[in-house]
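Data block below; observations after.
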Amino acid sequence: MKKRNIVLIGPMGTGKSRAARILADGLGFQLADTDRIIKHETGMKIATYYKLNGEKAFRKKETEIINRVRYYHEAVIAMGGNFPMTEKRFQLLSEYGIVILLYARPFRLVERVNKSIGKRPTMDYKNTEKYVKYMLKLWHPWKKRSDFAINTTLGHPAKTALDIARYLDREKIQFEKRHYKKNYHKKNYYKKFNGFKKEG
């Protein structure tokens, strides 16, 4: 069965949002960033929404969004890294999506998340390193369950996007087209990036 979309999962600080945007632009796919959708639909920053409504409401809102975007055709979905993956969510996302897990070494994640203190609602900024290591431990089992995993410790988000494009070609993965878009589908995803200017 052809898949409909590409889903990027993993802990916070791995570059999911930026890599998803670059990949979507490069392939001509739709972009669905769950954190941005929450912000758009609630009119609040995700940290504010979480603080005012609590974890239960935040998770419920995120699940509602997953149940919508998982049906998207020719889309790159960036999942928020505020909570570890659950079996239910993984089943929902993997039914129609190619699931790619991004991860990185603890020191790099600490460096990245500390650049945006207060932005991430579940982060313990009093002991960032301890929290990052704890989250990596929770995410580790999903590495084997995912279709592909990428270490982003040293890589720029543009390189992550290119690595995903190469993977799609190597595995000969094809996607169901958006019905309203005719004569668009191109099989060689990596070549579509030729001449694509990296963010810098």
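For all residues, glycine too, the Cβ spot is worked out from N, Cα and C.
The substrate site in TrEMBL is built from Arg59, Gly81 plus one of Asp25, Asp35, namely Asp35. In terms of Cα spacing, the binding-site residues Asp35, Arg59, Gly81 that come within 10 Å of Thr14 (ATP binding site) are Gly81. Among the binding-site residues listed here, namely Asp35, Arg59, Gly81, Gly81 has its C-alpha nearest to that of Lys16 (ATP binding site). Under the three-state DSSP scheme, Gly13 (ATP binding site) falls in the coil class.
Listed binding-site residues near Gly13 (ATP binding site): Gly81 (candidates Asp35, Arg59, Gly81; Cα-Cα distance within 10 Å).
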